[in-house]
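J.: One structure coming up, written as structure tokens, with questions to follow.
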């Protein structure tokens, strides 16, 4: 008897990846605690847990791409789930970064007597916001314009143009990351140099980490676009990457104003 599906939802097949991801998370957590408390085998368990999680992420997303690209299970109704999930994830990341910027603002607006009652603290050599920070900001904002160009190209059915736009986006992202690394290397202070160093590296480093994740996301989208796996009707993965990237480039304005400019002028 042939089974027929009379709805637009995707009933997924049994998968081992949820339980494998859970086991990887368990191993990572236990291994991390053991490593921090100098228990024997903690580093090994932590490494195995991280490898297990990365492997699970790879094969799980591979299966999702197969279900959408080759099997056609991602109808318009199914596509709403990843869209809502991506928006919820980005909102949670906004809250995360807001906490770091709030910590920096709190310390700068009400400096304590332990740091001399001034901001930046006495003895801290700060970075000039008119140099690399000022250069890096328009670079990242330009990458946001490039990813919008790629989106319009996909909607217009211009596959090659979309690939070129994604290459431009990734190139600008790599330039930004390179300058960020140069900035860290040349910084006259470290993360342990008072509350200024702690909030600076925590906030800008967390944002830089998001840039790296977004760059990997866009590289995968560029490869899929080159292989012809995205169309103007089916490109939810790219939409999620574009939304994430716009979040990353807009957020850049906050550390530039609240950390580089406020703490460096």
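Yeah, the Cβs are placed from backbone N, Cα and C, and that goes for glycine too.
Below, the features straight out of Swiss-Prot:
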- 16-36: transmembrane segment (TRANSMEM)
- 41-61: transmembrane segment (TRANSMEM)
- 81-101: transmembrane segment (TRANSMEM)
- 137-157: transmembrane segment (TRANSMEM)
- 162-182: transmembrane segment (TRANSMEM)
- 200-220: transmembrane segment (TRANSMEM)
- 245-265: transmembrane segment (TRANSMEM)
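Context for these features, please: burial, neighbours, distances.
T.: Note on the transmembrane segment (16-36): residues 42-53, 55-57, 59-60, 63 of its chain, located 6 or more positions outside it, place their CB under 8 angstroms from a CB of the stretch.
Using a Cβ-Cβ cut-off under 8 Å and counting only residues 6 or more beyond its ends in the same chain, the transmembrane segment (137-157) has close neighbours at 165-166, 168-169, 172-173, 175-176, 179, 211, 218, 225, 230-232, 235, 238-239, 241-242, 245-246, 248-250, 252-253, 256.
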J.: Six or more residues beyond either end and a Cβ under 8 Å away: which residues meet both conditions relative to the transmembrane segment (162-182)?
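T.: Distant Cβ neighbours of the transmembrane segment (162-182) are 132, 135-136, 139-140, 142-143, 146-147, 149-150, 153-154, 204, 208, 211-212, 214-215, 218-219, 221-222, 225-226, 230, 245.
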